[in-house]
Every structure is written in structure tokens, then in C-alpha cells.
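According to TrEMBL, the Zn(2+) binding site annotation covers His37, His39, Glu43, His87. Sequence annotations record features per position, and here TrEMBL assigns N-linked glycosylation site to Asn76.
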Amino acid sequence: MFQEMSACLQLTAECDFSWQVEVWFETFAPGSHTPIHRHSCEEVFVVLKGSGTLYVASNSHLKYPGQPQEFSIFTNSTFHIPVNDAHQVDLSSIQNYVLFQFSRSLLQFGMVWNTNEDEDLQFLVIISRPPMKVFIYNDWFMPHIAANLKFPIYWDEQCFQTPAKDEL
């Protein structure tokens, strides 16, 4: 699960046109994964190391994500998850998976899973409009309206804790 990630670095930048992005570098321990989820961003991934399987819902415009299609991913491959498409990444054959994710607008559904028992999963993520509000699904056939909101997301929980007063 998210709690098993071994490293997470977050940087926040605001561009001249007031468009905020976050950059994450994350490491997933073997066997750890994100839940199937959706959030308000579009994504592009670049695999820097490893291989695996990408699952994308056949039709995300139904009442639930539905049965996904399978696509092989590998080192130096790039893939785009269109707005409103449910997706999942299975990393069972990954030695070391590094991911570049660019996020932009509207809804996504998906999952990242490091199923390699021998190697960590590492990726770089860039998302827009932080902080991310995530809706989590139990499975691919759970209705969209039944998905559970998780906010703040696990790695943002520390950021949203009440800061200690720094007074003289």
C-alpha cells in the first residue's frame, strides 16, 4: 500500500500563468501498490527501467471502470492515460521501474502495483493542481459514485498537519 513506499520527495512550483505542479520521486517496495483510484489529472508515463503490464478500462464512461485491456510496457516506453480512463500498472516483471507522470485535468482511475518480489519500484511523478484528491475503488466493477474520497492522500498527510507555532 502507499504506507510501504520507502521514499517520497515533493517539490511544488508555480508557473508564470498560475498553474501549480508537484514533482514526486517515489519508491515502492516489492509487493506494494496504490489502490485503483481516480483523481483530477491526465497522465503521461515514461518507463526508465523495467517492464510490466498496463491495464486500461475498455470504457470509462460507464457507471464503473469495467474489465480492463492489457498492454505491455517496458524500458523507454511512453504511454498516455486519457482523461476519465481507468488504468492499472502491473509491475510483476519489473527490476526497477521509474515513471515520469505529467498530470493536467479532469478525472483518472487507476493503480500502480510493484509485484516484483526482488526490486523496488521507483518513479518520478509530476501532477498539476495540487493537492491531489483521490477517490479509491475496491475493484474494477465498483460504481464511480461509490468510490471513497481519500484526502489528504497518504504522502500529503504530514503536509496538512497543523504546524507548530514558531513564535519569539
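Note that Cβ sites are derived from N, Cα and C of the backbone, with glycine treated the same way.
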So, three-state DSSP: helix, strand or coil for Asn76 (N-linked glycosylation site)? coil
Cα separation, Asn76 (N-linked glycosylation site) to Glu43 (Zn(2+) binding site) (Å, whole number): 16
Within 10 Å of the Cβ of Asn76 (N-linked glycosylation site), how many other Cβ atoms can be counted across all chains shown? 9
Counting every protein chain shown, other Cβ atoms within 10 Å of the Cβ of Glu43 (Zn(2+) binding site) number 23
Express the distance between the Cα positions of His39 (Zn(2+) binding site) and Asn76 (N-linked glycosylation site) as a whole number of Å. 25
